[in-house]
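Taking it in order: structure first as structure tokens, then the write-up.
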Amino acid sequence: GLHLPPSPSPSPSPPRAAGATRGGFSPLAFPHRRGPPPPRPPCAPFAPASFRGYNLLRDPRYNKGLAFNERERETHYLRGLLPPAIVSQELQERKIMHNIRQYQLPLQKYMAMMDLQEGNERLFYKLLIDNVEELLPVVYTPTVGEACQKYGSIFSRPQGLYISLKEKGKILEVLKNWPERSIQVIVVTDGERILGLGDLGCQGMGIPVGKLALYTALGGVRPSACLPITLDVGTNNEALLNDEFYIGLRQKRATAQEYADFLHEFMTAVKQNYGEKVLIQFEDFANHNAFELLAKYGTTHLVFNDDIQGTASVVLSGLVAALKLVGGSLSEHSYLFLGAGEAGTGIAELIALEISRQTKAPIEECRKKIWLVDSKGLIVSSRKETLQHFKKPWAHEHEPVGNLLDAVKTIKPTVLIGTSGKGQTFTQEVVEAISSFNERPVIFALSNPTSQSECTAEQAYTWSKGRAVFASGSPFDPVEYDGKIYVPGQANNAYIFPGFGLGVVMSGAIRVHDDMLLAASEALAQQVTQENFDKGLTYPPFSNIRKISAHIAANVAAKAYELGLASRRPRPKDLVKYAESCMYSPLYRNYR
């Protein structure tokens, strides 16, 4: 929950100005207020004296709008600054949801939600938690992709911290400009590979902001403990460089040593300013940088790459659940990926790790059950000399195969996974081919946003004649085929990273280990009920997400304690209850 700072002692001098708010605007406290504040009974939380009156209504952390009661209005100088009506948080929520539903365009809904976050933080999170299935696609994928593309045009107030090449040599000073001191989770991007949309430069800030909103709403991490950061090292997107509304540096991307030095200064400054136990989540970096950063800082910092590790964990969980519908163990199936970037190789590696753990076979043997197709065709050993380092473990002995359809016919996989970032690549021929030799083909079309999905839910069910076990990265509506309703699963990273982050934070973990990702997968798969299976679902409904996150956090924390990576002692007896007790509540506090 929110821990408010203690009240300043009474003083005849004017109250000092408040610290900067998350929206970057902090008017001075009224200078004409004199004397001690009214007496406060020792009962409930209170608003700091410097946030009285007009300032209190302008600070999103403390503002309650018309929900301030008579006593609070009197005590905190709000008389006349609000209409006389007093309404409950529930009524405020109903009104705003009604207004949001009037908008026709998802981007309008996104902007309304961001305005609410900047005006009334607790109401924003109450809305998001209570209407998670409806609002998740608004504040996160797919709408956040469009928001990033148009971020310069819709930009009104800064959110998060922008660190550009202009700040080289001063990054520690920039971090100190952020008003919150106790940071637990940082989500950072350089905007080079935003979803399936490519290089959006500085406008990628929508991703860290959206991710951290979910860390709070779904995982219960305090909003004040979350810090979104965009590293602006330039952009190679010509359209943005020529856009008069672009908000970032107008130069080509820094690369090689200049880029490495800038990142190293950033990582060093974060550790120096916030300590060793701040979780740094790398988000939407280009493939070559993502793998390099994870390998370089994984041993010295608490780092996590959601595109590589989070995606892998959520997909492995979906596969484990899917096998309860299809039959067989992970090691008895064969896997074919379209896409061999961060997501594809990350998922493949975690599947191989889990097969190795289950069968006790060497990981090199387990990798042979997994095949990857990239833009040049099937990855085979004859291509090894020209492959990027992260693709080399997947180069198996096989004659060259030039395209996905031929690869499906040759490999005959039981599981087809798309991480290509290219829409409509699981064609009718591909789906019909995998359905011809599988009674229940498992088809995961994971690319985001919806427009980049390898196929739609309707296509998968129709072309497989209703036999596919299907999941996607972005949401699809239920599909009716041959008189039966099919509910597609959504392999959304939002199932994993909020609970994973909470588990890391509450255990005081100092490093992320692969076994913690497997623990998160396992916990998520256990939350799929028989009722979900009966509908063909491989993931539980998002309506239970906080309960799911608590179980994931408990499993991750338990693994951190088991591996000796947890620093918070003593270990809580009941980790699930402890996780629930750590979660932020969006309910209004009473101010005395």
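If you go along the chain as it appears here, the first residue is 1 and each next one adds 1.
From the backbone N, Cα and C atoms, a Cβ is placed for every residue, glycine too.
Feature annotations, reproduced from TrEMBL:
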- 1-45: region 'Disordered' (REGION)
- 117-298: domain 'Malic enzyme N-terminal' (DOMAIN)
- Tyr140: active site, proton donor (ACT_SITE)
- Arg193, Asn448, Asn492: (S)-malate binding site (BINDING)
- Glu283, Asp284, Asp307: divalent metal cation binding site (BINDING)
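Feature annotations (TrEMBL) mapped to structure.
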residue: Tyr140; record: active site, proton donor; Cβ contacts under 8 Å, 6 or more apart: Gly210, Lys211, Ala213, Leu214, Asn492, Ala494
residue: Arg193; record: (S)-malate binding site; Cβ contacts under 8 Å, 6 or more apart: Asp199, Asp284, Phe285, Ala286, Asn287, Ala290
residue: Glu283; record: divalent metal cation binding site; Cβ contacts under 8 Å, 6 or more apart: Val187, Val188, Thr189, Ile207, Pro208, Lys211, Asn305, Asp306, Asp307
residue: Asn448; record: (S)-malate binding site; Cβ contacts under 8 Å, 6 or more apart: Thr141, Pro142, Gly145, Leu195, Gly196, Gly473, Ser474
| message | Counting across all protein chains present, how many other Cβ atoms fall within 10 Å of the Cβ of Asn492 ((S)-malate binding site)? | response | 27
| note | When the binding-site residues Asp284, Asp307 are compared by other Cβ atoms within 10 Å, fewest goes to Asp307
| field | Other residues, Cβ within 8 Å of Glu283, Asp284, Asp307 Cβ centroid (divalent metal cation site) | value | Thr189, Arg193, Ile194, Ile207, Phe282, Phe285, Ala290, Asn305, Asp306, Glu342
| Can you give the mean pLDDT for the domain 'Malic enzyme N-terminal' (117-298), rounded to a whole number? | 94
| note | Expressed in angstrom and rounded to a whole number, the (S)-malate site built from Arg193, Asn448, Asn492 spans a maximum Cα-Cα distance of 18
